[in-house]
Amino acid sequence: MPAVKRVLIVEDDAHIADLLRLHLADEGYAVQHAATGDGGLQQLEQDGLWDALVLDVMLPGVDGLQICKRARAMTRYVPIIISARGSETQCIVGLELGADDYLAKPFSMSELVARVRALLRRAEAMAQNARLDAGAIEVGGLQLDPLARTASVEGSLLELTPREFDLLLFFARHPDQVFARMELLNQVWGYQHDGYEHTVNTHINRLRSKIETDPGNPRRLLTV
């Protein structure tokens, strides 16, 4: 019998937290809640065996971005979703710090549950693929190690977020192919519905800025 997935919610709005906890528990997840950033950070560091984190950006004390950064400094990869009210800029900063996805408030509970489910499913698939196909990949001056989850360009190590690495690995395994944004959402994020192409755009733009000598005239990652 598969182990129950554990989700940590860090949210200071009690009503939102209760709804999140209820909907995630209905999906069979074991859910814990922290109402402050300090409390969330304490739970994260005392018990690192979380399968997913749902973080609000604006929190009393330590904010969600700092928790995201701390989680990414830990050795074990954990999918992270961040949320912010009316501030896409904060969410994009969260992506830069290593969050896998973001939702702008207000959002539907069913949408967040669907994203948690997709991220967990995708994390399991990526881990399994890394074990089965652990050989290093070299293409277009890029070198990727799926098992170590490291990448370099022309010998220089890249600093990639987990989702950026997943996206780059997908492209490296499918060189010289064209993919629609919806297909990338399905293959890399595990989403099976449209409306979130901006997530792909954000990650592609950031990835291009890291792997291209001249991002304005890319030669490795092209848009057609």
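Glycine is treated like the rest: Cβ placed from N, Cα and C.
Annotated features, as they stand in TrEMBL:
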DOMAIN    6-120  domain 'Response regulatory'
MOD_RES   Asp56  4-aspartylphosphate
DOMAIN    134-224  domain 'OmpR/PhoB-type'
DNA_BIND  134-224  DNA-binding region
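Confidence over the domain 'OmpR/PhoB-type' (134-224), given as mean pLDDT on the 0 to 100 scale, stands at 85. Remark: secondary structure over the domain 'OmpR/PhoB-type' (134-224) totals 36 helix, 13 strand, 42 coil, with classes taken from DSSP. Of all Cβ atoms in the protein chains displayed, 24 besides its own lie within 10 Å of the Cβ of the residue listed as '4-aspartylphosphate'.
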